[in-house]
Amino acid sequence: MKKIQLFTDGSCLGNPGPGGYGAVMIYNEHCKELSEGFLLTTNNRMEMLACIKALQSLTEPCEVELTTDSQYVRQGITLWIHNWKKRGWKTAAKAPVKNVDLWKALDAAQEKHKVAWHWVKGHSGHPENERCDDLARRAAENNPTQEDIGYEG
């Protein structure tokens, strides 16, 4: 299995507002960057979408070290999702899980890979995280045209 490092970040101007995601993918000496902007979304949706798009771009099963600055994403995918699924995508308070479309997509995107999820403090000088932040912010600021279909504002 190939070993890949993924770094992801999301940005939202206004929250909700225009948003974007950024991802940096490293395999051996190769580096690939992904980013995309959306008209109206939230920071959490962009954090999730960064992970989804990065994982979906892998063409074969890989061993992935995925680093995010979002505790929401890391805890959601490693801890909370198991009970959400058992409860039919409801929280402990029996409320519908927010961003369920993206949680399902993220769960499916990680399925064929062996993913180790890591958290890094945002804006702390971590080079790849800073680059992802820059990509995400620029995507949000650069007149985004994409519609976030699942966003329920």
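Positions of Cβ are set from backbone N, Cα and C atoms, glycine also.
Record features (Swiss-Prot):
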- Asp9, Asp133: Mg(2+) 2 binding site (BINDING)
- Asp9, Glu47, Asp69: Mg(2+) 1 binding site (BINDING)
- 1-141: domain 'RNase H type-1' (DOMAIN)
Binding-site residues (Glu47, Asp69, Asp133), the one with most neighbouring Cβ atoms at 10 Å: Glu47
Three-class DSSP secondary structure - Asp133 (Mg(2+) 2 binding site): helix
Asp69 (Mg(2+) 1 binding site) in three-state DSSP notation: coil
8 Å Cβ shell about Asp9, Glu47, Asp69 centroid, Mg(2+) 1 site members excluded: Thr8, Gly10, Met46, Ala50, Thr68, Ser70, Val73, Gly122, Asn129, Cys132, Asp133, Ala136
